[in-house]
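Below is one structure; the comments refer to it alone.
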Amino acid sequence: MLDERGALARGAAEAIRAGYEAYQAERARITARARGRFEARDWAGAQRDARERLDLRDGVVHRTVGEVRAELGGAVQDREVWRRAKEAFEAVAAARPDAEIAGSFFNSVTRRVLTTVGVDPAIEFLAADAPPPREDPPQHRAFAREATTEALLARILRAAPISAPFEDLARDARLAALELDAHVRGLPDRQPIDAVELARPVFYRGKGAYLVGRIRRGRHLTPLVLALAHGDRGVALDAVLFTEEDVSIVFGFTRSYFHVALERPRAMVAFLSTLLPLKRRSELYTGLGYHKHGKAELYREVAQHLAEGDDRFVPARGDRGLVMCVFTLPGLDVIFKVIRDRFAPPKQTTRREVMDRYRHVFRHDRAGRLVDAQEYEHLAFPAARFSPALLEELRTECGDGVRVAGGEVAIRHLYAERRVTPLNLFVREADEWTARQAVLDFGCALRDLAATDTFPGDLLLKNFGVTRHGRVIFYDYDELTRVTDCNFRDLPGAGPGDGDDGWGGGPDAGYDGGDPPFYVGPADVFPEELLPFLGLTGRLREVFLRAHGELLTGRWWRDIQARLRAGEIVDIFPYREEQRLRHAHP
């Protein structure tokens, strides 16, 4: 029997190894297309590649699960076979430069087959199973100092592995040098640049290409990102970023994933950690496109926090959600969302529709405004680590998917996201200047979302949040829809020009906000009526209207619809407009 189990285990391990190698080969093929898409300015193709790569892993795992079931037959639930399969898989995967990613793939297969609740270290790879760090070859190329910063940057740009011609490389090097020299002069130590160390592969995402690295000045390291754009007249250096905050936003949790050719993901994460020491490993892996391994790393970070601390899960700050029970650990900037069994009025959505919207966000361009949500199934946590009030809420409101027994809380399905400050609380608690900036960025967030065909549906401030960098993001997806699926209408009697007074809906609009004396379809949206839902009053209301009043007109939304339907892909940069070189130095 032992020999038979061993043979079955080796067969299962081989099937999973073959599945993983097929996945990695196809993933590498899709990722390698990013350079050609950028050089050809094929932005629609880049979007298709992004969706194809996002869908790839689940398809390969599903196929591999079928092959493993066929291989194991009646022994498919035999945990001794799976324990030995893990050992056999580890023996062949340990020497791989991407061993940690391979381990997460193995875990996905085992959890899909066995529906494990919690984590079973006998048949799953944990952080403790990772092989000892090897001496990886350098992930960067060093460019020693030149006579001038301009000459150094010109050499870097000429060496970039991009075949498309630059519009004006000398100009870009000169403008970037002005920015970089001014930054270095402003540092307390004023130590000159010794070298620039750039990651060997180019990081591609959307319409951008990024040279990512660091500036070495003696013992000091400063992050550096050179953001490239490809316009009608050629490639141009669009921005140079050299603060941890700016580079962190480029790698933010509201961005879509990079397409970057990597053989050694762990080594690249280690390199990026020198630029962004506050970024968790889970976020870096996710940003590099290894979202499933990033999800596994996040779970390990939560487990480590629970093991080392004594804080308890408590309800998250903010208004109580009608669709989700939301909770957090005070000492960890992560929130957890569990879908309620029933939704209180006026919510009319279903559990399946909510999950479909989260899936849509996962596959969509998040434009720096939609929080990346990691989806988990069959997790278990110690019941003693839940506050009594939260435990009671989970029992009574989420009982269909939550079971409390044996000292554990088993949760069938949840989402985990980075914790942010709800916008309604932020503007209430911040000083006036900071609140004004948040309201201005709230309008920018609505514009960015619209440009990527996203309409939040529910525009209450409580559904938006503010990151530690002060950026406004959207995190409540239960009413999210496509802009192109909406019918943006003007209120009857709004006046000439599609209600272009900017913010109709008052007495002059001919409608007092009660039951409308005209037909309203399920997809109809009246932008003139959105202002009361925003909950802005006084000076903050005035600030929003002055900067973003056109968002309250049907004309603006119909114009963006027309652009989207025509196939336009709008530029959205992971940096401020004033940071673009030609704006900083016209």
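Cβ atoms are placed via backbone N, Cα and C, with glycine included.
Quick caveat, the model's predicted, so the values are computed rather than measured.
As recorded in Swiss-Prot, the features of this protein are as follows:
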type: BINDING; residues: ALA316, ARG317, GLY318, ASP319, ARG320, GLY321, LEU322, LYS337; note: ATP binding site
type: ACT_SITE; residues: ASP372; note: active site
Same chain, 6+ residues apart, C-beta under 8 Å of the C-beta of ARG317 (ATP binding site), given in sequence order: THR421, PRO422, LEU425
Separation of alpha carbons, the residue listed as 'active site' and LYS337 (ATP binding site) (Å): 13
Most Cβ neighbours inside 10 Å, all chains, among the recorded positions ASP319, ASP372: ASP372
Which listed residue (GLY318, GLY321) has most other Cβ within 10 Å, given these are binding-site residues: GLY321
Fewest other C-beta atoms within 10 angstroms, as judged across ALA316, LEU322, which are the binding-site residues: LEU322
ASP319 (ATP binding site) to ASP372 (active site) - Cα separation in whole Å: 21
Residue among the binding-site residues ARG320, LYS337 whose Cβ has the most other Cβ atoms within 10 Å: LYS337
Nearest-integer angstrom distance between the alpha carbons (Cα) of ASP372 (active site) and LEU322 (ATP binding site): 21
Secondary structure at LYS337 (ATP binding site), reduced by DSSP to three states: strand
